[in-house]
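Record features, source Swiss-Prot:
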- ALA2: N-acetylalanine (MOD_RES)
- LYS69, 134-142, LYS166, 186-188, ASP194: GMP binding site (BINDING)
- LYS103: N6-acetyllysine (MOD_RES)
- LYS115: SUMO2 cross-link (CROSSLNK)
- LYS115: SUMO1 cross-link (CROSSLNK)
- ASP138: active site, proton acceptor (ACT_SITE)
- THR142: phosphothreonine (MOD_RES)
- ASP194: Mg(2+) binding site (BINDING)
Amino acid sequence: MATRSPGVVISDDEPGYDLDLFCIPNHYAEDLERVFIPHGLIMDRTERLARDVMKEMGGHHIVALCVLKGGYKFFADLLDYIKALNRNSDRSIPMTVDFIRLKSYCNDQSTGDIKVIGGDDLSTLTGKNVLIVEDIIDTGKTMQTLLSLVRQYNPKMVKVASLLVKRTPRSVGYKPDFVGFEIPDKFVVGYALDYNEYFRDLNHVCVISETGKAKYKA
C-alpha cells in the first residue's frame, strides 16, 4: 500500500517565475514580485492529496470543514478530486461539508489573537472523521486553537490538510497531516489567499511586492 506523499518542499532560494509568463490581471501588475506556484502545479498536487485523504480517512463518514475565507479554493478543488475518487471506486463513503471562519491576520502579520467569527453548529462533528481544510499554516497557533475547539465535540478522527506550510522562526512546531507545499517565509497571495481581502482572484500563488503591500495596507 502506498504511503502518504510528503509535501513539495520549495527551497529558500527558489526564484519563482516571471509574471510575463502567465496570465495576471492587469490591476495587479505592479503589486506582485513573481509567480511562486503556478495554478497547474497546485491542481496536480491537490489531486494527489485527495488520494492520500481517501486512503487514510475513507473508511467512515467524512465531514470536510473549510476554514474561510482563504481555504475556499483549495477546499473546492480538493473536494472535487475526492468526489471523483468516490464515484469511480468500488467503495464509496458519505461526505458532508461544513464551514468555519477565523481571523488572525492584520496586513502581513499573524496577530496571534484568534477570533472565531463565523461557523455552523459544530456538534455535527461528533463521531465523524473530520478533515479540516486550510489555505496556509504560518505560526500554527490558529490551527492549534481550532483543533482544540473541534476536539470538544468528540469526533472519531481529526486530520488537517493545508495547501501551504510556511517555514518560519515564529512557528510553534505544528505540522498538518496533509501538506501541499512547504514554502519559505514569504508573504504569498492568490488562489484565494489574500492581503487585506485583495488578491483572492488570482489563479496562481504569487509573492506580493512592497508596492502591493503599501497600496492595500489596512
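Glycine is treated like the rest: Cβ placed from N, Cα and C.
Feature map: annotations from Swiss-Prot on the structure.
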residue: LYS69; record: GMP binding site; Cβ contacts under 8 Å, 6 or more apart: ARG101, ALA192, ASP194, ARG200
residue: ASP135; record: GMP binding site; Cβ contacts under 8 Å, 6 or more apart: VAL67, GLY70, GLY71, LYS73, PHE74, SER162, LEU163, LEU164, TYR191, ALA192, LEU193
residue: ILE137; record: GMP binding site; Cβ contacts under 8 Å, 6 or more apart: MET143, SER162, LEU164, VAL165, LYS166, TYR174, LYS175, PRO176
- Residue among recorded positions THR139, THR142 with least C-beta crowding, 10 angstrom cut-off: THR139
- Using DSSP and three states only, what is LYS166 (GMP binding site)? strand
